[in-house]
Amino acid sequence: MTTQPSHLSVLLQESIDGLAIKPDGVYLDATFGRGGHTKQILSQLSPNGRLIALDRDPSAIEAAKALADDARFSIHHCNFSEMEDVLTSLELHGKVDGILMDLGVSSPQLDEPERGFSFMREGPLDMRMNPTKGQSAAQWLAHAEEQDIAQVIKEFGEEKFGKRIAHGIVNARQEAPITTTAQLAEIIDLAVPVKDKFKHPATRSFQGIRIYINSELDEIRTGLKAALNSLNSGGRLSVISFHSLEDRLVKRFIREQSRGLQVPHGLPIMQAEIDSHKAMKAIGKAIKPSSDELSRNVRARSSVLRVAEKL
């Protein structure tokens with residue numbers, strides 16, 4: 001019997017290797033999910049090690065109860081942008097040896113129709129990573145201006161037919177409320193004039209709406225800064241992204257933190273002074289899944305791992 005994709009953590013070994021685990025160290029899994037990365041980290045920690053996990057999804061918090069008997073482990077129900085508050089309360093801020101961030105929507109979220117993330121499974125049009133907070137996708141689409149819908153789909157979904165799709169959504173909601181994933185997928189399918197044979201026409205639009213509903217890019221920007229502040233000197237940051245918008249943010253952040261002091265060309269200043277302002281250094285190049293992993297887990301196909309170390 002083969003393992004289903006929903007149980008597979010993407011770039012598991014590579015991301016853990018990037019953390020350079022110290023058996024007695026303190027680690028943070030900023031996106032617990034179903035605990036694949038957490039369990040791998042725990043397997044390398046001594047009884048003196050410690051792992052703090054975060055997740056904003058109540059179902060992930062429920063799944064973490066399976067680790068409740070492990071004294072090295074604790075989980076907190078919050079966004080990863082709030083990690084500094086959690087670590088400060090534990091007196092661990094600035095003392096963390098490694099942080100792992102696995103961005104985007106998780107496989108269990110995609111696989112549960114009632115969560116409303118997937119156009120492949122009919123369910124209520126929700127898309128919230130924390131279904132107890134904020135407005136659902138259905139609620140937003142019911143009242144959003146056509147130009148705002150178009151902008152979200154174009155900017156966050158990188159969908160070139162954003163205006164046509166937004167127009168189709170507004171016309172459709174005048175006939176009946178858009179409350180299910182299947183309804184929205186059909187509206188998008190009808191609006192897209194040219195189909196990509198390798199991708200469902202609703203893929204980009206669903207991504208864009210989901211990113212907007214969950215403020216995902218703002219969360220990443222804040223989370224990356226919080227991670228840098230939370231690490232100790234020599235601590236590692238291991239980040240897995242799943243589409244170009246996420247990876248662009250991670251790549252830019254690491255590059256900016258690795259630059260050092262920016263001074264006008266020709267200004268007489270020592271290289272040591274420039275280097276002293278560097279906050280991080282990149283560890284190796286971006287890592288993508290092996291062909292073997294892709295054969296086992298198609299959802300890994302767009303993933304990218306980047307690792308950096310705090311100086």
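Heads up, the Cβ atoms here are built off N, Cα and C, so glycines get one too.
Values in this document were obtained by computation on a predicted structure and should not be read as measured data.
According to Swiss-Prot, the feature S-adenosyl-L-methionine binding site maps to Gly35, Gly36, His37, Asp55, Phe80, Asp102, Gln109.
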Per DSSP, three-state class assigned to His37 (S-adenosyl-L-methionine binding site): helix
Gly35 (S-adenosyl-L-methionine binding site) CB neighbourhood, other CB atoms within 10 A: 21
Protein Cβ atoms within 10 Å of Gly36 (S-adenosyl-L-methionine binding site), excluding its own: 20
Cβ neighbour count (within 10 Å, all chains shown) around Asp102 (S-adenosyl-L-methionine binding site): 25
Sparsest Cβ surroundings (other CB atoms within 10 Å) among the binding-site residues Asp55, Gln109: Gln109
Recorded S-adenosyl-L-methionine binding residues, Gly35, Gly36, His37, Asp55, Phe80, Asp102, Gln109 - maximal Cα separation rounded to whole Å: 17
Site of maximum Cβ density within 10 Å, from binding-site residues His37, Phe80: His37
